[in-house]
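Feature annotations, reproduced from Swiss-Prot:
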type	residues	note
TRANSMEM	47-67	transmembrane segment
TRANSMEM	71-91	transmembrane segment
TRANSMEM	104-124	transmembrane segment
TRANSMEM	136-156	transmembrane segment
TRANSMEM	177-197	transmembrane segment
TRANSMEM	208-228	transmembrane segment
TRANSMEM	250-270	transmembrane segment
TRANSMEM	283-303	transmembrane segment
TRANSMEM	306-326	transmembrane segment
TRANSMEM	344-364	transmembrane segment
TRANSMEM	372-392	transmembrane segment
CARBOHYD	416	N-linked glycosylation site
TRANSMEM	442-462	transmembrane segment
């Protein structure tokens, strides 16, 4: 919905709520993903998946018909709650339906669609916003969700869960409500620190310091609770201590964070610096989409042939950091050769890397642990995207103000130039336009450094991964 936000704020007069349109979704999604993973181990996947889908549809309905900004925020939170169970549920269905060798292509297709949706979303949202209404960004979910529900009801068998939930007391114990009580506010504190620090408030402001202290205290208590609860914890210590699991967690956090930092800010560069429409900015992101799609499917075939996913986890950070580094060098006068060519290695790196963590957890763990491990991996992906967007957006906002003061100090006299991203050529006098464009270009490329850093750090998560063959029958989990 990024390309729809300007129209939404125009209608609701709610520029102050922009951050909450994304944060309300990310908060419920991040914090409840693992809880859905627990539910998938206690109840038939079919029915829990349908509950998650129903929540997602209800949230979309609220967003589409809301008369005000508060309703949109509430709808986004409900949508995030539902989506927390959809992604991990889809992977769990595949893991229970076919042998590992046959899952590779299916997982790659899902991860590919996940990545393509993040890149193509601005394109589709731009088309709806430009030619229909921003509300169609949410209406479109309703028919597709209905068709999915029908397919699940009639085509998916309700298999027995790997564990029995028992009574309500046992269920609540497995869901680790005590742990969630500390995890949820900890994530809120973290995202607020990363969003506000250096942009809305200086880092030594008492509000930022208070949030940092709050996050530290809450996450420490959460860790203690996890150690105390053991197998009934939100994140069981015996799982996270396995090198393959903590390695894939780091890898997922970094590679997804890198993708989100670029898919969020590259369209801003196209629209503000190049002056194109929301629709065209989506079209200009097609090189990334093609690289991801082709290489995700190709890597699945190759992993099935050679049996090992580890080489692809090594190659993904290398290729993505090359592309990310090149994209961070874009200039105001960069042409198609640059912005197309630089996206290709970045898209290839994402394509061969995004699906591998889901393959790893299924190759090294026993069936009873797979649904929860999938949810943990999905949680790290969601958290990585949330953190990357928050940090990159904070960098962009703070650096734009500084750069504007250096490149075009008089520009804001002609309007609030730091918020008029898509109308710069209509708002800024011709003699000041070049300075304003340089300020925007520099601020965006500085924000892209977040994606460059995360792409390079993904190798830290890849190195601990063992060379386990998907073509050999696994007899035990990882040490």
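For all residues, glycine too, the Cβ spot is worked out from N, Cα and C.
Of the candidate ranges 47-67, 177-197, 372-392, 442-462, 442-462 contributes the most Cβ pairs within a distance under 8 Å of the transmembrane segment (250-270). By the Cβ criterion (under 8 Å, sequence separation of 6 or more), the transmembrane segment (283-303) is not in contact with the transmembrane segment (208-228), since fewer than 3 such pairs are found. Residues 91, 95, 100, 103-104, 107-108, 110-112, 114-115, 242, 244-245, 247-249, 251-252, 255-256, 258-259, 262, 287-296, 298-300, 303, 309, 312-313, 315-324, 326-327, 370, 373-374, 377, 381, 455, 458, 465-466, 468-470, 474, 477-478 of the same chain sit 6 or more residues outside the transmembrane segment (344-364) yet have a Cβ under 8 Å from a Cβ within it.
Residues 19, 23, 26-27, 30-32, 35, 203, 207-208, 211-212, 214-215, 218-219, 221-222, 225-226, 229, 233-235, 383, 386-387, 390-391, 393-394 of the same chain, all 6+ positions outside the transmembrane segment (177-197), place their C-beta atoms under 8 angstroms from a C-beta of that stretch.
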